[in-house]
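Trainee: One structure, as structure tokens, below. Some questions next.
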Amino acid sequence: MNHFPKLLSSQIGFDLAQTMLEGFDRHYRIFRDAAIHAKTLFEKGDWHGLQKLARDRITSYDERVDECVELLEDEYDAEKIDSEVWQQIKLHYIGLLTTHRQPECAETFFNSVCCKILHRSYFNNDFIFVRPAISTEYIENDEPAAKPTYRAYYPGKDGLAATLERIVTNFQLEPQFEDLTRDVGCVMQAIHDAFGAFDEAPNFQIHVLSSLFYRNKSAYIVGRIINGDLLLPFAVPLRHVKPGVLALDTVLLKREQLLIIFSFSHSYFLVDMEVPSAYVEFLGTIMPGKPKAEIYTSVGLQKQGKNLFYRDLLHHLSHSSDQFIIAPGIKGLVMLVFTLPSFPYVFKLIKDNFPPPKETTRAQIQSKYQLVKRHDRLGRMADTLEYSSVALPRSRLDDALVRELEKEVPSLLEYEGENLVIRHMYIERRMVPLNLFLQNGNDEDVEHGIKEYGNAVKELMQANIFPGDMLYKNFGVTRHGRVVFYDYDEIEYLTDCNVRAVPAPRNEEDEMSGEPWYSVGPHDIFPETYGTFLLGDPRVRRSFMQHHADFFDPALWQRHKDHLLKGELPDFFPYDDSARFCNCYPERFADAAGRASPEPDAPADARSVRVA
């Protein structure tokens, strides 16, 4: 039943709605300014500046919400406004959004502000946006004609090489390219190698999103090729080959490759979008099946992603009947983890008490999760969604899970009618725990898992992350076969750690002792000792020593620490090194620096490529 008033008579209701929308508009203006500034930082090669910009943007949303709440409380005494006025506030807000370019994000901002002011019992359809009120279909861009949401190119007129070159130059990047003709030839060769020669259909065209996607040391051109009924996704990373000189590093042509660069284990892109829903819709066409919640999150609108995820969860609960259960695997000392088998996520709660040897607090653990949220995750640390006051139907909770919840996290529980309200939780993508993957896998699986594990830890080292607890159970294997770290309660900056070699035993008694015969400080790490708990399985040992024998050498860890202390930032590639043009077409890069006249665009067979 609709309880909304027939007439909107409250001036205060309109004023509050307008104040809240002004708060959102300020937030989104700052959000876009960050993406615009990312272009300048990328052009200058200011990688530390880009890192700081990405970190600061993550906290910007909550800061704008708090500003808006404070303003509403100071000017309107918002907590004392009665329910009839709150109903009108929402209706006025809907009216103000009818021509807005980011209505879905503005609705989420409204919810965030309301949930700071109102008690949970008021979170109902009348007061907040449980479902979207404004459609995001066919929202038009207000930008100049030079920057629509995406540009369409028609290679039939000027040829594919000229079209590809125009696509790149239209982004008007300040640095020069080392050899754009060479790089375009590599793109054409890669397309030919992947798909062969195709006939052009009458609708043959290339669509390219008008903004670059910035992350780490790369800027990505993202688009799709249309030919007949076929749609081919692509992404082209641009990188500095030396200060002030750019090159196209590769072209990613497989959906799986794009899913990895847009995955939950990577940091959010910096990308300028006037109409975010149009970008999300476009990205959905090149990554079909990827939830909109994850796409919004990957482009930096994590609060909108979080909102959509919760709606997806509620929708799934209403169309499923299985029960939440304790997650399979070894139970953690710090976190209680449960899952819904039909839903590909896990729910993680910080326990009330931690048995020895754990020495930590709830606040410290939450700070570790916030550290990961703000850090560059490099595709090796799982992103988390943090929620408060999540109501789950008691009937959907397995009895064993309820007993575990009441035993381990009673302070987080509140029964409310037929629901169990959980005061705080983290939600992550469900992965196969690495220990189970290794335990149940064949020899090929074990080799892959160990190779990935070593790569993951080494990349975390380079990103200044020391995992702390490196047992296999704290890592997971994604659906793409990548190993990702997801247990953060002991995480530290590598630069805060003291890398040490194990001192030689002083005598036979030391050598036979089960306890260290040397002093161990709180931040001391001893890589030589890790083999004790990592190499028990002969298959694991064989693969480990084949691919990562240096893992247990303190010099490796110290070398990474020294590079970090010097302010050096290594290169990371969220795709196989073999896919880089300099590796798959090395003949094109011979004497690149000194070559005066570039080679032709492509070999004869590639010049006549017809894209499908």
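Cβ coordinates come from backbone N, Cα and C, glycine included.
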Trainee: From the ranges 313-332, 473-492, 593-612, pick the one that Swiss-Prot records as region 'Disordered'.
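Mentor: When 313-332, 473-492, 593-612 are checked in Swiss-Prot, region 'Disordered' belongs to 593-612.
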Trainee: Sorted by position, what residues of the same chain at least six away from D383 (active site) have a C-beta under 8 A from it?
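Mentor: Non-local contacts for D383 (active site): F264, S265, T297, K373, R377, E428, R429.
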Trainee: Across all protein chains in the structure, which of the binding-site residues P328, G329, G332 has the highest Cβ count within 10 Å?
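Mentor: Answer returned by the neighbour count: G332.
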Trainee: Which value in Å gives the longest Cα to Cα span across the ATP site residues A327, P328, G329, I330, K331, G332, L333, K348 as recorded?
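Mentor: Max span of the ATP binding residues, Cα based, is 15 Å.
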Trainee: For A327, I330, listed as binding-site residues, tell me which one has the smallest number of other Cβ atoms within 10 Å.
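Mentor: Output over binding-site residues A327, I330: least Cβ neighbours within 10 Å is I330.
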Trainee: Identify which of the binding-site residues K331, K348 has its Cβ surrounded by the largest number of other Cβ atoms within 10 Å, counting every protein chain shown.
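Mentor: That would be K348, with the highest Cβ count within 10 Å.
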Trainee: Counting only residues 6+ apart in the same chain, whose Cβ is under 8 Å from the Cβ of L333 (ATP binding site)?
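Mentor: When sequence neighbours closer than 6 are ignored, L333 (ATP binding site) has K351, F354, P355, K358 within Cβ distance under 8 Å.
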